[in-house]
Amino acid sequence: MANKKRSASSSRWLQEHFSDKYVLQAQKKGLRSRAWFKLDEIQQSDKLFKPGMTVVDLGAAPGGWSQYVVTQIGGKGRIIACDILPMDPIVGVDFLQGDFRDELVLKALLERVGDSKVQVVMSDMAPNMSGTPAVDIPKSMYLVELALGMCRDVLAPGGSFLVKVFQGEGFDEYLREIRSLFTKVKIRKPDASRARSREVYIVATGRKL
């Protein structure tokens, strides 16, 4: 019975996905994913990216966010990206394939950042979803805590943090933690984000000293 429910849910998701206007637009424009449109909407309202910036992109594959940010930071900017999945090369993006939860991968990522002053850390990481919130939400919260840990390690004073979070247990505490570290925190739900999805994007700017 559970398998039937899962297959019905998967079929519905696939049907929604391939008829989604943002998926169709992404294909038409030659973009890597519909996530490009989410980031574009956030950039229009929050102006996170400027020419010459150094940006860390966590959960980067297939590359929609990195593809967008390259257009905003220009040739003098730099993106250090990481994902457990492979990603086709993008000019201006230094990509590391590996599991961000692995200490050796984290160490390698920090080495690539080096002494660079990172102005933005962004995370679109998500676990493999089972469809059961009691299982999925804790896994998601673990990833976003790791992303916040990366901010503590590399983000310059005044820098910004953009993170996808699934609303559920632990969300309010996480939001309070971010508010203690940044001067301004907003919650965004871009139009390109599916309405019934629990995902929201926390936009935190002005990292405190």
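Every residue, even glycine, has its Cβ placed from backbone N, Cα and C.
What Swiss-Prot records for the S-adenosyl-L-methionine site is Gly63, Trp65, Asp83, Asp124, and among Asp94, Asp99, Asp136 the residue it adds there is Asp99. If you take the C-beta of Trp65 (S-adenosyl-L-methionine binding site) and look for same-chain residues 6 or more apart in sequence within under 8 angstroms, you find Ala35, Trp36, Leu39, Asp57, Met122, Asp124.
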